[in-house]
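Structure first, then comments.
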Amino acid sequence: MLEARQLSFQFSTKVPLIQTVSLSLNAGEWVGLSGDSGAGKSTLGKLLAGYLTPQAGDVTLDGEALPAKGLQPVQWLPQSPELAVNPRWRVGKILREAWTPSEAQCEAFGVQAKWLSRFPQSLSGGELQRVCVLRALAPGVRFLVADEISTMLDPITQVELWQALKQEAEQRKLGVLVISHDSALLARLCTQHYHLRSGKLNQEPSPTFTKVS
Amino acid sequence: MRHAQPRIRAAFSLAVTSLLVISLITSQWWLGDSPQQMQFDTRLAPPSVHHWFGTDALGRELWARTLAGLALSFWVGCLAALLSTLIALSLAALATLSRRLDALVSLLIDTLLSVPHLILLMLIAFALGGGTQAVIIAVAVTHWPSLARVLRAELLQLRQAPYVRISRALGKSRWFVLYRHLLPHLLPHCLVGGLLLFPHAILHEAALTFLGFGLSPSQPAIGVLLADAMRYLSGGYWWLGVFPGLGLLLMVLSFDRLSSHLRRAL
């Protein structure tokens, strides 16, 4: 279980962004996180993935601190895939940075073989986002923080991406924190939905789980 | 058509520099010992069809000595610029490893930049006993700070790039990130920075030698030629200073222009 206890965080502005936030995510569980722009959603996601260190509180995985080295069991997927890839590397090299997915896995995420020899600049945002999601699914990864990963995609690509991720997560019992402004999307994907307001979490009424059509 | 002119200028700059570099590199084979050959019956002869750049006080051909001096300056400049770039890159990479190291590197950069170049150059060259090696080391040790500052800033910015953070989260080591993600990104900066350092290095080598702290007076270095020319200028022997000076100017300008074009292109 990924657990955040009494997390507090502020940047150098001295204005507290995250205040005593507690959150837990079980294996195979999908939790939604919404909030206004600047409310601290991405910051909370980065704290959970170990990209930022909280000033107070801690993040634990099965009761232990997140590993300092090696493959992180909690992976963060940013909103802009263009920034998440080395622009000088070809897509094949980017994808294989952590592991080598099978052809079937590439197919499931719609990653085409012809993309692998291209540079990321020649791929669309949606295509690149699929590559980034697949890259993050290295063996050993147990939780994903999906930070508005479908915001810039068209509705059809969004559905395809979430379907593929849902299928993979079910097979591997991956826990996923979905950060989004889209309440309808969170209602469809997640069993729990949190709303971040002024750095504090308010649990929204838990929607019933429905499969992505 | 508007973009054609800079390209033509860049191609011209590349052609002139390449021609210069090829002639300097090959000069030692076709010049032979002519830079040192003395002919006392043609001492201080002015430029003519037989003596293109004139001759010096010992009857040596000035064109051969100028070319040999430029070749020597070229190698000194190359090695000093290369060494300087390596120092800058290593210290910039070191600065990214921890905050303390970053503070230390920044302090070193600021300290070196606050001391006048030439004084430090003379002190180092004097302490090392002069000669080619001393000049190379002195120029290299004094010229890295400005490039290191650029590379450090670039590295610190790059280190925060999402793809670098993600690479670490995917289990890649610091060294992997440094070699595979960061350094390849810095190579164009190093190339341009090194090329921009090159004319500086040559000018400072000539200045050091001119002041007597650099290369040995027996070597046909540009600084030696210019220092020798000083004694004869009042006598009207203008070619002794003008041709080596013009040669130095041509080499420095050609490399400076080429690196400027390269900087814009990259």
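For all residues, glycine too, the Cβ spot is worked out from N, Cα and C.
Some features that TrEMBL has for this protein:
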type	residues	note
DOMAIN	B:70-259	domain 'ABC transmembrane type-1'
TRANSMEM	B:12-31	transmembrane segment
TRANSMEM	B:72-95	transmembrane segment
TRANSMEM	B:107-128	transmembrane segment
TRANSMEM	B:134-151	transmembrane segment
TRANSMEM	B:182-203	transmembrane segment
TRANSMEM	B:236-255	transmembrane segment
(request) Tally Cβ pairs under 8 Å between the transmembrane segment (B:72-95) and each listed stretch (B:107-128, B:182-203, B:236-255), then give the stretch with the top tally. (result) B:182-203
(request) Select the range from B:12-31, B:107-128, B:134-151, B:236-255 that forms the most Cβ-Cβ pairs under 8 Å with the transmembrane segment (B:182-203). (result) B:134-151
(message) Let me spell it out: take the transmembrane segment (B:236-255), skip the flanking residues so only those 6+ beyond its ends count, and list any with a Cβ under 8 Å from a Cβ in it.
(response) 13, 16-17, 20, 44, 46-47, 53-54, 56, 62-63, 65-67, 69-70, 73-74, 195, 198-199, 202-203, 206, 222, 225-226, 228-230
